[in-house]
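Colleague: Before I ask anything, let me first share the structure, which is written out below as structure tokens.
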Amino acid sequence: MNPSIFIILLTTLILGTMMVITSSHWLLAWIGFEMNMMAFIPIMMKNPSPRATEASTKYLLTQATASALLMMAVIINLMYSGQWTITKLFNPTASTLMTVALAIKLGLAPFHFWVPEVTQGIPLTTGLILLTWQKLAPLSILYQISPSINLYLMLTMSLLSILVGGWGGLNQTQLRKIMAYSSIAHMGWMTTILPYNPTLTLLNLLIYITMTFTMFMLFIQNSTTTTLSLSQTWNKTPIITTLTMLTLLSMGGLPPLSGFMPKWMIIQELTKNDILIMPTFMAITALLNLYFYMRLTYSTALTLFPSTNNMKMKWQFSPTKRAPLLPTAIVISTMLLPLTPMLSILL
């Protein structure tokens, strides 16, 4: 792809998201979603291949369906209230449709089927944009309409997402699919707490984006996309491999790493609201995520997959890819837990 065209597409992608985040008018938000989608599809096709074509087609169909549902919800709300303002969502039908549309855009269960398939068909850098930046616009709308969303529908989808995110990643060997299922589970955690404490959702989103950015940057540094290639990185880049394992455990929510903090604070907030069964279910289901991350860490750290001797010592040049933000991202991804008391005061 021509670098100038790529920069224009990237600028349009950023502008579309910013338009959704900053607008208080439904039409402007919808236009922002469309700008974002139309700019992202050519970025997915940057390296043309049948898999990229399939992934971008799936992405287009799901996002177009979600946009149509969103516009239908806006029109129903307009008919009943005469309001274009995002925060004034009064009609229950419009609220339910809006929740479903945004759930499709976020990839919440049971509308999650496109996320692993699309993530697997695109390069690591594009996958990073899909699982981080592309979550900002739908979550910002959910944040604004959180007082009027259908609570039971939202909580059902959130719990399903946590369950699917744990189960789906259990038998995966492709790292991009594992990250996709992890994203589904994290979105479940964020949307569970949204009706009770939206600020906590933003904190969870910030930590999730940092951890996902760190993981993808580490994968890009080593050019690893499968568990087999990850298990063979210890003799090429031992420090990066160690940091990869730490970040994986943090994503699984293992204390005393940063990933444990949002889970702890969400469970604490739910128990403060006298909700006991749901956080218990969430904590037990989170063990599924932790299990496949620990299995991945174990296979990377202690064992080698069956391979011939000449595969064990992979020859290559020293890594020359620059990643200036990586050290900071690793520190935030693994060492944020001691700041929990300060952050809980702010929340």
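Backbone N, Cα and C define each Cβ position, glycine as well.
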Colleague: With Swiss-Prot as the source, which of 176-196, 239-259 is set down as transmembrane segment?
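Modeller: Per Swiss-Prot, the stretch marked transmembrane segment is 239-259.
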Colleague: Hey, does the transmembrane segment (149-169) touch the transmembrane segment (239-259), meaning at least 3 C-beta pairs closer than 8 angstroms, sequence gap 6 or more?
Modeller: no
Colleague: Count, for each of 59-79, 122-142, 149-169, the Cβ pairs lying under 8 Å from the transmembrane segment (1-21), and report the range with the highest count.
Modeller: 122-142
